[in-house]
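The next block holds one structure in the form of structure tokens; read it before the comments.
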Amino acid sequence: MSPSAISSEYSNCNGTPDYALQSSEVSNFNGYDHVTWWVGNAKQAASYYNTVFGFKTLAYRGLETGSRYFASYVVGNADVRFVFTSPIRSQKCLPEEEPISDADRKLLQECHEHLEKHGDAVKDVAFEVDNVDGVFHKAVAAGADVVQEPTTLTDKMHGSVRTAVIRTYGDTTHTLISRADYNGPFLPGFRTAAPSSATVQLPSVPLARIDHCVGNQDWNEMVSACAFYEQCLSFHRFWSVDDSQICTEFSALNSIVMASENNLVKMPINEPAPGKKKSQIEEYVVFNSGAGVQHIALLTPDIISTVSAMRARGVEFINVPSTYYDTIRQRLKTEKRGWELKEDLDTIQKLNILIDYDEGGYLLQLFTKPLMDRPTVFIEIIQRNNFEGFGAGNFKSLFEAIEREQAERGNL
């Protein structure tokens with residue numbers, strides 16, 4: 001373990017670092033580095049996202065690289081990176097003489113327990129930061145739980161990466177990572193993936209980066225989850241709505257968006273609100289067995305091309321009724337705004353894309369159906385045109401569309 005980069009000049013009278021004195025030393029958040037999923041079969045998960053969502057396998061770690069207990073595939077599209085990790089041995093069935101480290105044994109047990117509890121799910125959301133040690137120590141001083149102390153991972157050919165891990169809501173963690181001294185395929189221990197053997201050319205999917213990552217909480221847990229980001233990571237409240245704004249005939253929710261100081265990382269936090277029936281947030285919490293990541297929003301420069309390509313590849317999106325577009329057409333004719341819609345509205349309707357706007361700009365968005373048999377995680381595709389909101393004008397339509405899916409599952 002590498003020593004802390006915090007200078008002793010910041011120590012208080014007890015000899016422990018006084019992190020409150022060094023806020024200027026704490027790093028900028030440069031965005032999302034990657035999202036790690038713990039899944040039952042990493043190879044198949046990577047193949048699914050490559051085929052259906054237009055990713056490509058970038059890096060691999062497994063038996064061939066000396067990883068005896070886990071296999072990981074890194075897939076990416078532009079600056080979006082997902083890591084799928086699976087255990088490849090049973091922790092309970094290991095022989096007594098198995099030469100496994102205590103750390104690997106513990107991780108193997110945790111991974112199997114996570115899969116039993118949550119199914120295939122997001123385990124970690126990694127942030128790229130300038131100063132891993134500064135962010136980590138400030139977070140821990142403010143009460144964050146430590147998963148991994150700051151550590152340097154080294155690869156003789158490609159350099160080194162500095163990482164640390166803290167715990168957030170549920171069983172989810174945040175890796176803090178700095179790649180300033182690394183030029184390898186992903187992390188030390190990974191190798192560049194072999195080229196795809198596919199012979200059929202599918203339509204390309206233009207993506208840019210992760211726009212935001214949404215966490216669902218159980219009843220009355222949203223405020224405490226937001227407090228973690230405010231106190232431990234110095235995030236601020238960027239945007240919020242309550243059940244008076246996000247509601248249907250049957251259900252409602254509250255939502256607060258927490259953002260890093262430079263707004264490059266945004267973490268919306270949801271919780272259920274009282275309603276006549278079970279909300280999508282409650283359904284998620286039941287089938288995820290607690291709080292966790294509900295969806296990941298992927299920013300695209302061209303949502304028409306992205307959604308068209310994804311539909312051609314087999315992505316299942318939610319269905320939006322035609323009455324939604326009747327209302328949109330009427331609003332666009334009558335409401336004052338300082339922009340013109342660049343995309344063809346008939347094409348937007350054909351693809352079931354949602355639109356929200358204010359006087360200054362607009363966004364286009366669409367949500368997939370849940371990606372697993374458990375109705376938990378899904379993907380959002382979003383395009384922003386001078387608009388930094390989160391589609392509040394679409395929440396009622398979105399909720400109603402999701403409720404129709406819930407009703408089919410018998411969960412409304």
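Cβ coordinates are placed from backbone N, Cα and C, and glycine is handled just like the others.
On a predicted model such as this, the values are computed, not experimentally measured, just so you know.
Here Swiss-Prot flags 31-179 as domain 'VOC 1', drawing on sequence analysis.
Residues or ranges marked as domain 'VOC 2' in Swiss-Prot: 209-369. Taken together, the residues of the domain 'VOC 2' (209-369) have an average pLDDT of 91.
According to Swiss-Prot, the Fe cation binding site annotation covers HIS212, HIS295, GLU380.
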Neighbours of HIS212, HIS295, GLU380 excl. site residues, C-beta within 8 Å of centre, Fe cation: ASP211, CYS213, VAL214, PRO268, GLN294, ILE296, ALA297, LEU298, PHE367, ILE379, ILE382
When DSSP states are folded down to helix, strand and coil, where does GLU380 (Fe cation binding site) land? strand
Do you know which of the binding-site residues HIS212, HIS295 has the most other C-beta atoms within 10 angstroms of its C-beta? HIS295
Run through the domain 'VOC 1' (31-179) and tell me, per DSSP, how many residues are helix, strand and coil. 42 helix, 64 strand, 43 coil
